[in-house]
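Written out below as structure tokens is the structure these notes cover.
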Amino acid sequence: MEDEQSFSDICGGRLALQRRCYSPSCLEFCLSCPRITLRSLTAVTCTVWLAAYGLFTLCENSMILSAAIFITLLGLLGYLHFVKIDHETLLIIDSLGIQMTSSYASGKESTTFIEMGEVKDVVINEAIYMQKVIYYLCILLKDPVEPHGISQVVPLFQSAKPRLDCLIEVYRSCQDILAHQKATSTSP
């Protein structure tokens with residue numbers, strides 16, 4: 001079963017949340033960010049090249065134009081490969097663990113897996129960001145030394161920065177699976 005909802009990020013940008021239910025104990029959430037538009041790409045490229053052309057007319061050195069083209073291309077490739085994330089995926093399986101995947105605009109993927117035995121809880125936390133309070137979803141990991149302690153906080157959907165209404169949707173589903181997992185692990 002799959003459904004898609006539209007939400008917004010903390011800056012008002014559009015986000016799409018796809019929820020895939022593979023079984024009652026396995027859910028996948030995919031939060032998609034808007035892709036790079038040709039308009040913004042053209043604006044940045046033209047600005048850099050016009051500035052380089054202005055410097056070229058002042059200095060009359062053709063190396064400035066060559067450097068501007070080279071820097072623009074390298075900057076764009078670096079941005080697409082290391083910065084711009086198209087979608088973030090959260091896969092939660094109650095008997096196995098939680099997998100987080102970030103897919104970059106260049107096609108590169110970064111995946112992190114956390115075993116369910118290490119997960120203490122999934123919570124919505126708040127933080128101060130750019131003079132406003134924002135909410136974010138995070139996984140609390142158990143401290144191996146102290147069973148009631150927390151060793152690490154792993155934030156989810158760091159690139160998309162969805163608003164609270166989207167986080168609540170994911171949070172409720174995660175809590176349902178965690179409750180199911182706790183019930184099955186404690187029953188004989």
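Cβ from N, Cα, C; glycine included.
Remember, TrEMBL labels are computer predictions, not curated facts.
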TrEMBL annotation of transmembrane segment - which of the ranges 15-35, 36-56 it falls on: 36-56
The answer for the transmembrane segment (62-82), taking Cβ pairs under 8 Å and residues 6+ beyond its ends, is 36, 41, 44-45, 48-49, 51-53, 55-56, 104-106, 108
